[in-house]
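Novice: Below: one structure in structure tokens.
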Amino acid sequence: MEEDQIEKFVAAYLKKKGFKQAEHAFQEELQQQQQQPSKNNSSSSISTNSLTDSDIAKHLLTVSGLENGPAQYQDGYSKLRSWTYSSLDLYKHELLRVLYPVFIHCFMDLVEKGHIQEARTFFNSYREDHEMMHSRDLQKLEGVLSPSHLEEMEFAHTLRQSKVKIKICQYSYELLLQFLHKTKLTTMLGIVNEHINFQVSPGQPSSISDDAEVVTLIGSSQDEATQINQKEIHWGLLEDSLEERLEKGGVLLSDSEKADGEIKEGELDDNKKRSVEGTKQGMPMKKLKKDKAVNATAKTGRPEANTVSMAPRVKPELTLPVISTEVEKSILEDLRNRVQLSSVSLPSISFYTFINTHNGLNCSSISHDGSLVAGGFSDSSLKIWDMAKLGQEAVGSVLQGENGTTSSEHFLGLNGGKRPYTLFQGHSGPVYSATFSPLGDYLLSSSADSTIRLWSTKLNANLVCYKGHNYPVWDVQFSPVGHYFASASHDRTARIWSMDRIQPLRIMAGHLSDVDCVQWHANCNYIVTGSSDKTVRLWDVQSGECVRIFIGHRSMVLSLAMSPDGRYMASGDEDGAIMMWDLSSGRCVTPLMGHTSCVWTLAFSCEGSLLASGSADCTVKLWDVTTSTKVPRTEENKGGSTNRLRSLKTLPTKSTPVYSLRFSRRNLLFAAGALSRSLE
């Protein structure tokens, strides 16, 4: 075998495996040999050695030849997969973490070399192994059909240039390397060396419950998150808020007065058509609610109320809109008559069911008093139903829940004759999100056409079209004080807007994939975003900087909610997991497990004692926040029993995935969803 051939094979091998330092040193050595006067002698010596050591030459030829063929990837990954699944249970969950990065890089290597058919076969053979944890990533890679696609895809480019950080114990690490060397799986060894950065720790393997934190997502390393999470944040409530004025003024009603006021306010609600309870449920239900309010507030009402009143006060970073005296009086009236909820005093729930949507409903939104319900549809339309008018035309069915909790369902569909809704048209693509302003006089909608539109519910007209995003806008949310709103998009940014400006005030960039949902902090100084990159980020509205990164979800984050005191945040993901976070520390206080499908919506009760979650599994669940945030970490790791205790109640619908939840200012829970015939 000639000297030049050996040099080429060695150089190609080192380059292919990513051994950059070794390749550089090899090239330097070759250059030095060429510059030496005794080059001929050296060459003959090397040539002689190569002839005598023919085994090395054959090995280099074999490696080079085999690795150019697609069979090496299929065979190597298959052997690694079989060995991993047959490993001892003690180490298996750690070794399984290696399979996903090896899988995607095998696929991309095959595509890069032009073996498209073999790449598709390989991808389809093993994708089921990773569907649960990485379905979103697989959907993106599924569209790669040529090397040019791979070069143009930013997601693939990021994967290629970054290393996945995996935590693993010393023994598992040694087992893996020993297996790869023993079986001569050089292709797999090369991928592991080039694309995985192992954090080897001494001692026993980490527990399976810690798996969410041991595989760090590309680009969002734990080091970066730790550094960002050291920034100071002020999670308190705004100074001089209406709640604070109510507390200072000493005009809070006693429990008995509050209970008596329920009936009077119920009558006022009937007259003003502001609340659905009076028009739909009638006096028997009102009396039931009154009895519950009396019992609950007598037992546990006051302690729950203090969680909000004891929160620190902060100054606003945004210029707040002026609220008229009439509106202030209306809000204060609601606050005085708020029902105090707790684990022994659950809310009444009013459920609005959309029927005959023909799978066209993408989103729903409920106004703060429950008087208006909006739906966004795939045909680019937006429809609003007035509950007071709807009540005159159709009668909803009432479902009696356990322990006296009442749920009413009002069917929103076409029932002949005059159209029962107001139709808003203007978008040129499916409407993905809608949100009412705090007073219900405006409605925002976002669409696949990359725009956000502002509508007047008084004038029934489109007022403004906001353009700034370059791709579909998945979510839009009004701030708690109105006027300002936030949007989340496929372009991987979130943006802050004000109603009087057509350009965004701030652009928040940092997520590595779609920003799927957005929510405001109670003091309006922060927004929080959830993404398909499986992380949640907290942003400072004034500076536009990311001040917290929350890592722990195993799938895309679909829903967010902020506690009324601004201290905690809840996030729900595609797998049905809900995580409660402490904003100050950036740590997960407790996971809430129970849903079996996507958690599409979350809402805290007004005093912050309960969390409601709505899911694609057709249930609404109520969680005890007070207990959940006080459980010590030692109990969290014991098992699932503590999680079951934190779930207070599960309320199943007939066959309706839950799209949206909203607590009114008086703590009535509104919910909405579309009846799904396929689930029956």
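Yeah, the Cβs are placed from backbone N, Cα and C, and that goes for glycine too.
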Novice: Region 'Disordered' per TrEMBL: which of the ranges 25-49, 400-424 is that?
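Specialist: That would be 25-49, the stretch labelled region 'Disordered' in TrEMBL.
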Novice: Per-residue pLDDT averaged over the repeat 'WD' (424-456) comes to what?
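Specialist: Per the prediction, mean pLDDT sits at 94 for the repeat 'WD' (424-456).
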Novice: Do any residues, 6 or more residues outside the repeat 'WD' (592-633), come within under 8 Å Cβ-to-Cβ of it, and if so which ones?
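Specialist: Answer is 304-305, 307-308, 338, 340-343, 346-347, 349, 351, 558-565, 568, 570-580, 582, 640, 642-663, 665-667, 669, 671, 673, 676, 679.
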